[in-house]
Amino acid sequence: MSTRTDSLISLTIAPAQVIRGNGALKQVGSAIAQLGSRPLLIGGDHTLQIIQPRLESALTGQNCTIAQASYGADCSESALLSLKRAVAEHRADLIIGSGGGKALDAAKLIAHQCKLPIVTIPTSGATCAAWTALSNVYSEDGAFLYDVSLSRCPDLLVLDYELIATAPQRTLVAGIGDAIAKWYEASVSSGHSQQTFLIAAVQQARVLRDILFQQSAIALQFPGGEVWQEVVDATVLMAGVIGGIGGAQCRTVAAHAVHNGLTHLLESHGTLHGEKVAFGILVQLRLEEMIQGNWLATTSRQQLLKFYCEIGLPQTLIDLGLAKVSIADLQRAAEVACADQSDIHRLPFSVAPTQLMAAMVSTTAPCHNLKNDEGFEVEYPTQTLNLKP
Ligand SMILES: [Zn+2]
């Protein structure tokens, strides 16, 4: 079963250069100056306040004129338009994106559209957006609209652990959720592939998951420590490597489709991308259990519920702040997730919105026939949602 065609495939595997370390930002002046002399720094208002002074001091003596532009709240079409104006006003010859996923996505997309080099400086371990050649575009209200493949990965990625350590712990927890999703999704979308790069991507996704299973709890106990740095490497860099090697064929499946659907509910905007994706993994496994009768999925879900409990990832709609969501709203999210072009249809069976809703409200359903180490049956409380008609 070959999916190889004669069409050309462009590989965008990795940034040209990655500089990582404690205080890395202070030492990247010459590396940035090699890429341009009129950088435009793009980020959120808070990030700009923190990063611009540090960058200015790093660029001292480099003959660079730096300006800044806020992307607002989302990587939306109107934000991109105003950023383009800022690029023209400053006559920028280099874009520096700093912040979380949305700020980095906006900066990468602007650089792509203006054909300028791009430096990414992540401020949290919440996503691998600093690495990848992909940007998500959202509506003004924060609903996911579409993603754009970019011509290349960033020219330079600066991973400064001191900077990441100042972000709320919750962001790294979300990043762990997003990173482990790579295995659950890649193994479904590409697990049977005979292609060298796809086999490599799926296997690395498994290794990444195992590293995070083993290290996350310890890392979160000692922020800034050695194990913590390894976990940051896993969520910010390694997750990006898998996306790069897997490329366009190693797609997301139901976990991200559920995330995309949930972004259409305003009530979900208080939670992070990786938190919704982590919940989406449970939903995906639940679908495999309910529709396919897949007992491996039951075991995986049990393993994940335990892991989520350990590190604080959401297990239910209630945990996602959606306790009061109406059936109509839940149905709307499910319909978005099941739209024709949605990646949910990469599952080896078809999914209807009603089935998806049933999976979404039963992510903690008891795992019958499963025994814990002592031989007792393991039970998880089913969630009680007050669904308004
Ligand atoms: Zn993601």
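Glycine is no exception: its Cβ is also placed from the backbone N, Cα and C atoms.
Summarising the annotation, TrEMBL assigns NAD(+) binding site to Gly101, Lys102, Ala103, Leu104, Asp105, Thr132, Leu134, Tyr138. Sequence-distant contacts of Tyr138 (NAD(+) binding site), defined as residues of its own chain at least six apart whose C-beta falls under 8 angstroms from its C-beta, comprise Asp74, Cys75, Ser76, Lys102, Phe144, Leu145, Thr263. In the three-state DSSP scheme, Tyr138 (NAD(+) binding site) falls into the strand class.
As annotated by TrEMBL, glycerol binding site applies to Asp178, His256, His273. Non-local contacts of Asp178 (glycerol binding site) by the CB criterion (under 8 A, 6+ apart in sequence, same chain) comprise Ala126, Thr127, Cys128, Thr235, Ala239, His273, Gly274, Val277, Ala278.
Sequence annotations record features per position, and here TrEMBL assigns domain 'Alcohol dehydrogenase iron-type/glycerol dehydrogenase GldA' to 15-160.
If you measure from the Cα atom of Leu134 (NAD(+) binding site) to that of His256 (glycerol binding site), you get 14 Å.
Highest Cβ count within 10 Å among the binding-site residues Ala103, Leu134: Ala103. Close contacts with ligand 1, defined as a Cβ under 6 Å from any of its atoms, occur at Asp178 among the binding-site residues Asp105, Leu134, Asp178. For the binding-site residues His256, His273, the ranking by surrounding Cβ atoms (within 10 Å, all protein chains) places His256 first. Around Asp105 (NAD(+) binding site), a 10 Å sphere centred on its CB holds 27 further CB atoms from the protein chains shown.
Residue counts for the domain 'Alcohol dehydrogenase iron-type/glycerol dehydrogenase GldA' (15-160) under DSSP, split into helix (H, G, I), strand (E, B) and coil, are 50 helix, 40 strand, 56 coil. Geometry remark: Gly101 (NAD(+) binding site) versus His256 (glycerol binding site), CA distance 15 Å.
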